[in-house]
Structures are given as C-alpha cells and as structure tokens.
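Chemist: Here's a structure for you.
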Amino acid sequence: MGEAGEIQLQIAGIQGQQGGDDHGQRAAGNGGVCRPAATASPRPPLSKRLVWWAMVLVNVVFVLAGQSVATLLGRIYYDQGGKSLWMQTVVQSCGTPLAIPLLIYFRTRRPSSSSSSVAAAAPARPPLAKLAAIYGGLGVLLAGDNLMYSYGLLYLPMSTYAIICASQVSFNALFSYFLNKEKFRALILNSVVLLTFSAALVGVSHGSDGSDSAIPKGKFPAGFALTLSASALFSLILSLMQLTFEEVLKSDALPTVLEMQFWSNTAAAVVSVAGLFASGEWRTIAGEMAAYEKGEVAYAMTLAWTAVSWQLCTMGLMGLVAMVSSLFTNVISTVGTPLAPVIAVIFLGDRMDGVKLLAMLLAVWGLMSYVYQHYLDDRAKAKKSDEQLQDAKISAE
C-alpha cells in the first residue's frame, strides 16, 4: 500500500510538471528546449534517517543486553541457592507494569491532523471476547514456555543452554512456512540444517556440560529436551503473534504491539503466580531467601533485576517490530544467543571445550546465513519497487 501511494504521488507530480513545461514551451515558441521534468520525490532529511537508525540501534541493544543479562541472572539465582522453578517463571513475565506508562501515553495522546486520515482508515477493532481469548491463550503458552526455559536453565550450564536455544530460528522457519506463508530458500534451509546440527552436537556431547555452576547431576537429558521444546514453543508463539497481527488485528502499529505484549504477558504472569501457589513453592520462599548465599537483599535484587532485564528485552523486541518487522526482531533475538556462552565463560566459569566451540560456530554460521537471505530479499524488494517507479515514469510521459 505504501509503495502504490508513493508511485501515485510521483505520477501526479510528473503530470503537473509536464503541464508547466508545456506552458513554458508555448510561450517560448519553437525555439524552446524540452527539458525533462524532475520526478524524483524528495528524500527524507538526513537528520530523520539518522534518528531512525539510532532508534533501531537502541532497540537492538535493549534486546541483546536484556536477554543476555536476564539469562545470566537466572543462572546466578540457581547457583546461589535459589530452587524455585515457578519463581523463575514468574519473573520472566511479571515486569509488564513497566509498560503501563507507554500504554497510557499512547492512549491519551491526541492524534495530529496529519494522522487523522490514517486513523480514519484504521481497521475495526475485533470483539473484546475474541481479543481476550487470543491474549489469554498466548499467555498460557508463554507461561508454559517460560517454565520449560526455567527447567532448562536449572539443568544445563548457561553456555550449553544458550547454544540449544539457537535452534529457535530453525523452528521459526518451519512454523513461518506453514503459518505465515514464508518462502523456503536455499540459505534459510542451510541455516535450519546448521542450527539443527549445532543443537544435536551439544545434545550428544555430555562432556560439554562441565561447569563450575551448581548443575544437578544426571539432569542433562531432561534439560536438553525441555530447552529444545521451549525453543520450538517460543517459535510457535512468535508465528501465532504474527498471524494475529495480520489476520485479526490487521495492524502492526506500536500501540497495538504494546497492547498485545502487555495483556499476553499479564495473562502469563497470572498463570505463573497461580502455578507458584498451586505447587506449594510459595511456602519455601522465606527459607530460600534466608539461605541465599549472598543474603536476602541480593536475593530480592537478583529477582527484581531479572524481571527488569526481561522487560527491557521485551520493549526492545516490540520496538523493532514497530519500526522494522517481526521477522527482523526474531532474527536479532536469536543472534543474541551466541553472546551467552561468552558471558558464561567469563562470569560463571563454564568451560568452553572444543565440541561446544564447534557447536557455537555452527550456530553463528547458521544465523548469518539466515540474516543474509533476508538481506537479499530486502534488496530484491527494493529493486522491484524501483522498477515499478520507472514504469510509472514512462507511462506518465
């Protein structure tokens, strides 16, 4: 729709300028020289383009920093004596109140005159019952996904956990193909194969889980299976969210994205808190806090900053969805996974042996393959848009 509108505006400019040229030629007589009309639409000011790129970069940093710090703090929580899986699940979604100021801002902001026509053309809002069912269903899936990730982080070294999470992009390619009609190209298929081999290499190599962290003995197979399942479920959730934006909400504006994020994560937080009480783990929180090696204040601060870090990551993800695309957002999120093994080696004493290093390199190779394919797709779309613009110029002449 945006490309067609731009072409129509440029056609109108061409025709208007041609009329002006014809008038000038009649006044000058036969001695006049026919000059081509300037048809190129004005490019946005350099300052605006720089601001846009700066905002994209800030959101990328939010995603990479929030994701890495939250995973690191989750591992520290277990190493220092934390044992509640449901508490770790709760903190992954309970930071949603931090998004309330943004929601209030977009709700109370008055639309400008330039955006009144866009607001008038906005799609009708779906029924409240339908939205509640969608957000509630996504919340239940998110709570289950967060719980499986909590098990994986408890049963695996952080570096191993992060490498297995890199398989998320291969699952995303499959779900996007079936649910979002994403095309399977050679480089994407190459990415899927490489990331699958990377996760499998970690899974069969028990020597790779050596670590100074407090990892329960004999839990590697369960941790591997649960982390792999969580990666698959998270990819499914992303595809379902994209499907909801396209088929139900019919909008990817920032207020819509924030609303989905807030309500789906609020539902996930409610489910997680219910699980915390239903499991009886809430009774052990006081004793767990007292027995925490770094003290009660450190216990509370670890959980609080974990929640803030996950929310920071979420805000960055939502910002990228609004400014670029959901596909780009998922790629950036997955690209952040190779950072975690490096952080784990530096701060947690995880051992980076040859097998784990090879698996990480395969994961990076697969991720770069995935990114490069979408770079090629964007170039092809830009070329097609230029060809349409040239055709419009020729037809207008």
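Here the Cβ of each residue, glycine as well, is placed from N, Cα and C on the backbone.
According to TrEMBL, the region 'Disordered' annotation covers 16-43. The annotation transmembrane segment is assigned in TrEMBL to 50-73, 85-106, 127-149, 161-179, 186-208, 220-241, 262-278, 298-320, 327-348, 354-372.
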Chemist: Tell me if the transmembrane segment (354-372) touches the transmembrane segment (85-106). I count contact as 3 or more CB pairs below 8 A, with pairs 6 or more residues apart.
Modeler: no
Chemist: Okay, the transmembrane segment (127-149) and the transmembrane segment (262-278): do they have at least three CB pairs under 8 Å, pairs separated by 6 or more?
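Modeler: Yes, the transmembrane segment (262-278) contacts the transmembrane segment (127-149).
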Chemist: Counting only residues 6+ away from its ends, which parts of the chain sit with a Cβ under 8 Å from the transmembrane segment (127-149)?
Modeler: 85-86, 88-89, 92-93, 226-227, 229-230, 233-234, 236-237, 240-241, 244, 248, 260, 263-272, 275
Chemist: Would you confirm whether the transmembrane segment (298-320) and the transmembrane segment (161-179) meet the contact rule of 3 or more C-beta pairs below 8 angstroms, pairs 6 or more apart in sequence?
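Modeler: They do not touch: fewer than three Cβ pairs between the two stretches lie under 8 Å.
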Chemist: Counting Cβ pairs under 8 Å that sit 6 or more residues apart, are there three or more between the transmembrane segment (220-241) and the transmembrane segment (161-179)?
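Modeler: Yes, the transmembrane segment (220-241) contacts the transmembrane segment (161-179).
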Chemist: Residues of the same chain, at least six outside the transmembrane segment (50-73), with any C-beta under 8 angstroms of its C-beta?
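Modeler: Cβ under 8 Å, 6 or more out: 92, 153, 158, 161-162, 302, 305-306, 309-317, 319-320, 323-324, 329, 332-333, 335-336, 339-340, 343-344, 347-348.
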